[in-house]
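Heads up: the structure comes next, in structure tokens.
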Amino acid sequence: MEHVELVLLFLLVAVAALTWLSSALDVPYPILLVLGGSVLGFVPGVPEVELNPDLVLLIVLPPLLFHAAYFASLRELRANARAISLNACALVLLTMSAVAVVTHAVVPGMPWVAAFAFGAIVSPTDPLAAVTIARRLGVPHRLIVLIEGESLINDGTALVAYRTALAAAVGGSFSLLDAAGDFVLNVVGGVVVGVIVAQVLLWVFRRIVGDDLLGVTVSLIAGFAAYVPAEELGVSGVIAAVTVGLLVGHRAAEHSTASSRLRSFAFWDVLVFLLNALLFVLVGLQLPSVLEDQDRSAATLIGLGALAGAVVIGVRLLWSHTIPYLIRALDRRPRQVAMRVAWRERMVLAWGGLRGAVSLAAALALPRDFPERDLIIWLTLCVILATLVLQGVTLPALIRTLGIREDESAALDELRARKAAARAALHRIDTLRKEDWTRPDSLDRLHAMYEFRYNRLAQRAGALEADENLDERSATYQRTVRDLLDTQRRELVRLRDDGQVSDEILHALTREIDLEDQRLEI
């Protein structure tokens with residue numbers, strides 16, 4: 001790849017332009033990035049960009065997995081463990097097997113190891129587009145937990161199966177018992193490595209509290225610190241990265257300050273967006289080069305691609321509308337009855353099984369002499385495009401047609417947490433009145449502020465009768481404060497323009513004002 005700096009600039013400009021266009025068209029940005037990348041790949045003069053599989057599997061995947069696991073809820077994952085594990089393990093293996101059988105049957109001369117490798121490649125889901133759509137349309141929180149929880153685990157399941165297929169291709173033999181043993185070893189080993197690395201990182205975080213930049217740097221290292229040693233030991237780096245993210249994220253509030261959390265969240269939001277956006281554009285840009293390497297007719301390639309996409313989508317639909325009924329017949333415990341997912345939500349889960357960059361990276365990572373390598377790469381790209389475009393574009397209409405609405409449980413939980421925090425502050429103020437170092441007038445002002453906040457939250461939660469005066473006072477207060485904050489910003493800019501303060505002071509004070517502005521939403 002020549003002129004790396006120009007290629008990087010081109011990719012960033014493409015990401016920015018396509019993301020802006022996705023907002024203007026109200027289309028989830030992953031879908032438009034893939035389509036836009038596919039179109040750009042055929043434009044004369046556009047630099048040829050190769051997607052290095054090592055870049056995804058070694059450089060990009062660990063931070064994305066760590067970030068996703070960091071913000072996942074251990075409590076919710078435990079509560080939905082059966083549904084998540086079935087989709088992340090059993091469904092992955094079923095999809096791999098079904099794709100392998102069909103591909104072996106319709107592609108003359110395709111070896112079983114190549115067919116199973118292809119099945120493993122297209123079996124894991126990429127939740128980004130589906131979750132983006134689901135959150136925008138306000139689906140029940142549990143659906144998002146199931147989609148994200150599945151994606152945290154199924155990458156590891158699929159890549160372990162993928163590695164087994166590669167080993168069988170190299171060794172020339174396959175044993176189901178050995179494969180099952182390797183799978184268990186990979187998963188358990190990945191968890192063990194993740195737990196050990198998490199304990200080390202938590203020890204480090206406790207000793208660098210207050211050093212915000214170092215804290216953000218260590219958080220960036222965390223995913224690699226688990227992934228790389230696990231891979232070197234021959235176990236699942238994906239499972240290790242997910243494990244360390246879950247454990248470190250669960251204890252985040254105990255080893256960080258408010259300042260470090262604000263810096264970390266801002267850094268990770270931008271990093272994760274850029275990594276995902278660049279990957280989706282790169283996936284689309286691979287289409288021209290993949291087509292050049294094919295020696296079959298266009299009709300054959302399109303037919304095989306459509307068939308592969310249909311099998312992947314069909315297996316997930318069939319699974320989602322059969323296995324739950326089997327489980328219901330076998331397990332009628334009241335707790336499990338309460339955890340059942342209605343058929344409408346199951347339909348969204350089934351239709352939200354989109355594929356992404358991890359699948360393409362795994363296909364590109366196949367050895368050059370691997371049987372039917374070029375065809376596997378083409379079919380993988382077809383499955384990604386079929387799921388992202390067909391399912392991604394129609395998913396919003398499906399959610400609206402099924403009449404799925406956001407449940408109020410998550411919002412009520414948040415309100416209860418805010419109320420509890422405000423109530424704790426009020427109790428602490430009463431305790432502080434006995435301290436010699438406090439001032440009564442300061443405590444009175446704070447008590448009035450937290451009491452007003454508590455009453456407003458209680459009203460929103462239905463614990464108090466509706467009081468229009470509370471809402472009006474809150475709206476008036478926020479409008480007044482924002483007006484004052486805008487006035488301060490303008491004055492600081494004037495002082496900077498007149499040469500009375502430096503840009504450094506302007507940025508520092510503007511940041512303080514912005515933080516105060518953000519707190520008005522509470």
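Heads up, the Cβ atoms here are built off N, Cα and C, so glycines get one too.
Between the stretches 6-24, 348-366, TrEMBL puts its transmembrane segment entry on 348-366. The transmembrane segment (212-228) and the transmembrane segment (378-399) are not in contact, since fewer than 3 Cβ pairs between them lie under 8 Å (pairs 6 or more apart in sequence).
With a cut-off of 8 Å on Cβ pairs spaced 6 or more residues apart, the transmembrane segment (84-106) and the transmembrane segment (299-327) reach 3 or more such pairs and are scored as touching. When Cβ distances are compared across the two stretches, the transmembrane segment (265-287) makes no contact with the transmembrane segment (183-205), since fewer than 3 pairs at least 6 residues apart fall below 8 angstroms.
Beyond the ends of the transmembrane segment (348-366), by six or more residues, the same chain brings 30, 51-57, 60-61, 87, 117-118, 120-122, 124-130, 133-134, 139, 143, 146-147, 155, 158-159, 162, 166, 279-280, 282-283, 286, 312-313, 316-317, 319-321, 341, 373, 376-377, 380-381, 383-384, 387-388, 391-392, 394-395, 398-399, 402, 404 to within a C-beta distance below 8 angstroms of the stretch. Within the same chain, residues 61-62, 65-72, 74, 77, 152-153, 155-156, 159-160, 185-195, 197-199, 201-202, 205, 219, 222-223, 225-228, 261 sit at least 6 positions outside the transmembrane segment (234-253) and bring their C-beta atoms closer than 8 Å to a C-beta of that stretch. Listed by sequence, the residues of this chain that lie at least six past the ends of the transmembrane segment (183-205) yet keep a Cβ under 8 A from its Cβ atoms are 156-157, 160-161, 163-164, 215, 218, 222, 225-226, 229-230, 233-244, 247-248, 251, 255-256.
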